[in-house]
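Here's the structure we're looking at; comments come further down.
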Number of protein chains: 2
Amino acid sequence: MIEIIELNNNSYLMEKLTNRTQFEYKEVNQVVEDIIEEVKNKQDQAVRYYTEKFDSVSIDDFLVGEREIKQAFKSICPKLKSDLERARDNILLYHKEQLTESYTITKENATLSQRVRPIEKVGIYVPGGSASYPSTVLMNAIPAKLAGVSERIMITPPSSDGTIKDSILVAASLAGVTKIYKIGGAQGIAALAYGTETIPKVSKIVGPGNIYVAMAKKKVSGYVGIDMVAGPSEILIIADETANPDYVAADLMSQAEHDPLAAAILVTDSNELALKVQASLNRQVETLERTDIIKQSLRDYGAIVVTKNITEAVDLANEIAPEHLELLTKDPFTLSSDIVNAGAIFIGEYTPEPVGDYFAGPNHTLPTSGTAKFSSPLSVTDFIKKTSVIYYDRQTLVDAKDSIIRIARDEGLTAHANAIEIRFRNELE
Amino acid sequence: MIEIIELNNNSYLMEKLTNRTQFEYKEVNQVVEDIIEEVKNKQDQAVRYYTEKFDSVSIDDFLVGEREIKQAFKSICPKLKSDLERARDNILLYHKEQLTESYTITKENATLSQRVRPIEKVGIYVPGGSASYPSTVLMNAIPAKLAGVSERIMITPPSSDGTIKDSILVAASLAGVTKIYKIGGAQGIAALAYGTETIPKVSKIVGPGNIYVAMAKKKVSGYVGIDMVAGPSEILIIADETANPDYVAADLMSQAEHDPLAAAILVTDSNELALKVQASLNRQVETLERTDIIKQSLRDYGAIVVTKNITEAVDLANEIAPEHLELLTKDPFTLSSDIVNAGAIFIGEYTPEPVGDYFAGPNHTLPTSGTAKFSSPLSVTDFIKKTSVIYYDRQTLVDAKDSIIRIARDEGLTAHANAIEIRFRNELE
């Protein structure tokens with residue numbers, strides 16, 4: 001089911017991982033373009049049409065009412081509700097450290113500021129069907145609220161009976177979502193980007209989705225902001241002979257179950273561990289529910305890489321820059337400081353990756369496909385924007401003017417020079 | 001040359017501005033795709049070929065040597081050199097406030113960190129020819145250096161005699177660029193994204209460029225990070241009857257001279273000022289060098305909008321979210337706090353926009369085309385990335401496990417639940 005490869009086959013592994021995200025979706029492309037055009041032109045009418053077509057339900061009022069939310073609080077398992085509250089509190093605690101302050105520098109009679117303001121309106125996409133996760137709601141809505149975004153608008157596709165899962169509605173309420181609409185797919189993204197009679201136009205859209213949603217986000221990106229176009233999920237585990245092979249196998253499978261395109265990779269300097277993990281995978285997979293997805297994902301994109309030592313393992317991890325990285329080694333804390341590129345690092349045997357997915361506090365929206373080399377987990381800073389503010393008094397400009405004029409002239413931009421000169425022309429004459 | 005319009009024609013203005021950035025460049029698209037493919041496959045050979053083709057020069061060694069840089073310091077006008085040093089010091093002073101610190105939260109025996117690390121290698125694109133600006137070098141390289149990026153690689157197309165402008169080389173040296181290569185265009189972007197025998201592969205590419213460079217950046221985006229795909233430049237000036245019409249006109253033209261697609265807009269509650277600015281534009285434009293570009297830009301994308309009061313002017317500015325916003329009113333400081341969406345705000349009559357382009361300290365790479373609603377000036381934070389680090393000890397996981405398992409099961413992800421359960425299975429049995 002899963003291959004064991006030597007590190008010198010490393011380029012083979014890299015190719016496998018890279019190809020994973022380079023699929024062409026020409027048909028999807030055209031469908032999504034048409035949907036966006038239709039929603040831009042026909043607004044609610046188009047959204048209603050596509051909701052009937054794709055979600056097989058006719059929705060009169062897209063807006064979720066107070067009554068539906070109250071009903072969800074009544075219906076939800078009380079323990080699950082308090083689990084979501086605990087998760088919310090942890091997420092709040094971790095993310096509130098990310099608030100960015102404005103700053104001002106005063107230099108004689110000049111003042112320079114970087115002013116931080118929340119984005120005014122944000123759209124949060126939450127998938128429906130089998131990938132309808134309350135944790136998605138918490139992880140996207142809480143940082144937006146902390147940033148001070150005033151309208152936090154969630155959209156999610158309804159079930160064919162027109163309802164939304166209780167845990168999704170409860171999570172939205174706990175996380176401070178201001179409005180929920182029953183709309184999904186590319187039509188939902190288009191509605192948020194361009195606005196309709198019902199759906200407010202937002203300035204930024206965040207949240208995961210299927211290929212239609214991802215393509216639609218990519219297409220409206222630039223016109224509105226987006227968080228990222230996420231690729232399939234990944235885990236890389238660095239483990240040595242001290243690791244428990246059953247834990248390693250279980251953790252690999254917890255990523256593999258997401259998607260046949262998910263990648264689960266163990267890198268170890270222990271040949272013995274490699275064999276034990278392989279055996280444990282074969283044993284455990286049969287006891288799980290999403291067996292077929294796990295088998296397919298481990299076969300196509302899984303690997304156990306055996307290295308000469310842990311240093312080689314760290315180098316490989318830094319090259320791959322995985323979304324999730326677990327360290328199951330003798331001294332994982334020390335090792336963690338050698339990790340340069342990763343979305344999130346999970347340290348030691350009692351921090352399996354689901355701790356981060358749901359509960360610990362850090363965001364679970366993480367850079368995939370090696371983008372951890374240059375991008376970051378979703379955070380409060382994704383929901384703010386900065387403006388520079390510059391004030392010079394007359395004397396400050398007098399002191400600076402010759403330098404500014406000379407640089408402008410060197411750049412051949414004489415109207416720039418003129419904008420300075422005209423303020424002193426009478427004195428020059 | 002420039003129209004005066006009433007605010008009720010506002011949708012006409014918005015359309016004008018929006019259309020500005022929606023050009024289709026199908027031919028460019030294919031050319032750029034071909035160039036990227038060629039550079040990916042043939043590396044230096046392809047770069048050399050395109051440099052001969054587009055820059056009309058055959059380059060043996062792309063790398064700029066120490067000797068060329070020393071020569072530039074000898075040749076440059078000493079005053080210009082010290083102007084660039086003053087600008088550098090101001091940029092350093094302003095940007096060093098943007099350094100982001102890592103943080104750690106400890107909760108009983110769990111620790112959660114957001115770890116900040118610099119991106120390892122960054123490419124800085126600097127245009128050649130008539131748009132070859134030393135200020136571009138300073139504004140892009142200084143934040144990268146402050147962030148701690150270890151390789152800060154600049155590329156810029158050579159003149160047809162194989163040289164690079166003195167002020168560009170001097171600015172690069174002052175700003176701490178680590179390597180300079182004589183390569184431009186889409187081939188340069190491709191070389192930075194994929195690497196060649198000579199050019200190191202980088203993780204992020206920043207800097208402005210022509211349509212070929214912009215399209216190439218867009219295409220490699222996601223594989224590497226990019227700063228933004230900038231649209232044409234904009235200025236919006238809010239002025240009342242206290243403003244000097246000659247200053248307003250000069251400042252409008254300082255943006256208009258960039259590009260026939262640049263937009264320069266005055267919004268005022270004073271009909272008298274509107275007429276005076278119009279007259280001053282007609283007078284001043286003839287005294288400048290880039291007269292034709294200015295006339296074209298003011299005709300196609302310029303406007304003087306007359307509003308009933310300053311509140312209407314502020315609302316329009318927030319809707320347009322301009323790259324540059326000047327406030328030339330009685331009480332510009334108070335007014336500035338009503339501005340929600342803008343790249344940079346310039347306050348009062350001694351802060352014309354070129355003060356920010358070259359000298360004051362804040363970055364001149366600013367969000368264009370209304371993207372100030374959700375994005376920010378280039379800053380030190382564009383050159384760092386964050387990693388979450390999570391550690392739970394056994395007891396912390398014991399306390400959390402039931403919640404995590406319940407949420408995982410609600411989401412239908414049983415392999416996630418299994419990764420927790422397996423750690424306690426022996427005790428459960």
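Glycine residues also receive a Cβ, built from the backbone N, Cα and C atoms like all the rest.
In TrEMBL, the substrate site is described by B:Gln255, B:His258, B:His324, B:Asp357, B:Glu411, B:His416, and among B:Ser233, B:Ser280, B:Ser376, B:Ser379 the residue recorded at this site is B:Ser233.
Put simply, B:Asn210 (NAD(+) binding site) is 20 Å from B:His324 (substrate binding site) when counted between their Cα atoms.
Chain A comes close to B:Asp357, taken from the recorded positions B:Tyr125, B:Gln187, B:Asn210, B:Ser233, B:Glu323, B:Asp357 by a C-beta to C-beta distance under 8 angstroms. Highest Cβ count within 10 Å among the recorded positions B:Glu323, B:Asp357, B:Glu411: B:Glu323.
The two recorded residues, B:Asp357 (substrate binding site) and B:Glu323 (active site, proton acceptor), show a Cα separation of 12 Å. B:Tyr125 (NAD(+) binding site) sits 22 Å from B:Gln255 (substrate binding site), taking the CA atoms of both as reference points.
Rounded to a whole value, the Cα-Cα separation of B:Gln255 (substrate binding site) and B:Glu323 (active site, proton acceptor) is 11 Å. If you check the binding-site residues B:Asn210, B:Ser233, B:His258, B:Glu411, B:His416 against B:Glu323 (active site, proton acceptor), the ones with a Cα inside 10 Å of its Cα are B:Ser233. Around the Cβ of B:His258 (substrate binding site), the same chain contributes B:Pro232, B:Ser233, B:Ile293, B:Ser297, each under 8 angstroms and 6 or more positions distant in sequence. The CA atom of B:His416 (substrate binding site) is located 45 Å away from the CA atom of B:Gln187 (NAD(+) binding site). For B:Asn210 (NAD(+) binding site), the same-chain residues that are 6 or more apart in sequence and have a Cβ closer than 8 Å to its Cβ are B:Pro127, B:Ala131, B:Gly185.
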